[in-house]
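Taken from Swiss-Prot as is:
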type: DOMAIN; residues: 3-68; note: domain 'S4 RNA-binding'
type: ACT_SITE; residues: 109; note: active site, nucleophile
type: REGION; residues: 254-321; note: region 'Disordered'
type: COMPBIAS; residues: 263-277; note: compositional bias 'Basic residues'
type: COMPBIAS; residues: 302-321; note: compositional bias 'Polar residues'
């Protein structure tokens, strides 16, 4: 075996390549007692690899089932495993698993809510995040200020940001009142605060941002804020095939569409909602944990506007079919 250390560790389920590269740069990874350096290759299958002083396996997770969670991130949560200030993170409410850990597929900034995927497969996470894959991300965005046809044309054609050209693949008007307007926008990369910066380049302020789709995976309307659901085999294999990974043959979910299964699903959903409420109550009562949990929205109300364009303002570009 002669592969880069971060690739071997990612395949073994210890994180995404990006996370592991950061650990190596920080001097937290060693090989046979020596601190590893970025770009180092693992030549020996029997090498002793440690992360933060703990010996870790470098064997590929071939026999481990790939799992993917869809999580409804609330505003205010951080996309980090641990926060030194004790603020809430997206990992706080995820289910515990043995022998592996959840890896986030990209990030959402603290003020952004919506769909965030997690997987146990580091290679899947890395490939989905890589810019070359051009995976679409769709957001529901509320902006404050006047939005002209010229501004929309600029956003679709592309504008120069500090880190290069950027553009929306699609812009669709979804309604609004006064100087508050709502749009669905699509991008195919995950640069830091890209949606907000694109709007800001046109002198328009984003007042609310929510991710509603990643590839063909949509945020489930029945999922509460702070809740999660595990993707079924078809959805998992859609993501794997999207980035040219072999499909899985089984899942940890029982997908039999019978009455008993539906009852279990309802029970599971109720348990998730109760767990979310308990977590929020516990956080609110814990000293040193800042911020209140976001207020719950009533279900529905968004999707009905999705295919309608308000009469008072028309987007200059029709959504793609």
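Cβ atoms here come from the backbone N, Cα and C positions, even for glycine.
Secondary structure of the domain 'S4 RNA-binding' (3-68) per DSSP, as helix, strand and coil residue counts: 16 helix, 16 strand, 34 coil. Within the same chain, residues at least six positions away from residue 109 (active site, nucleophile) with a Cβ under 8 Å of its Cβ are 79, 192, 193, 196. When pLDDT is averaged over the domain 'S4 RNA-binding' (3-68), the result is 85.
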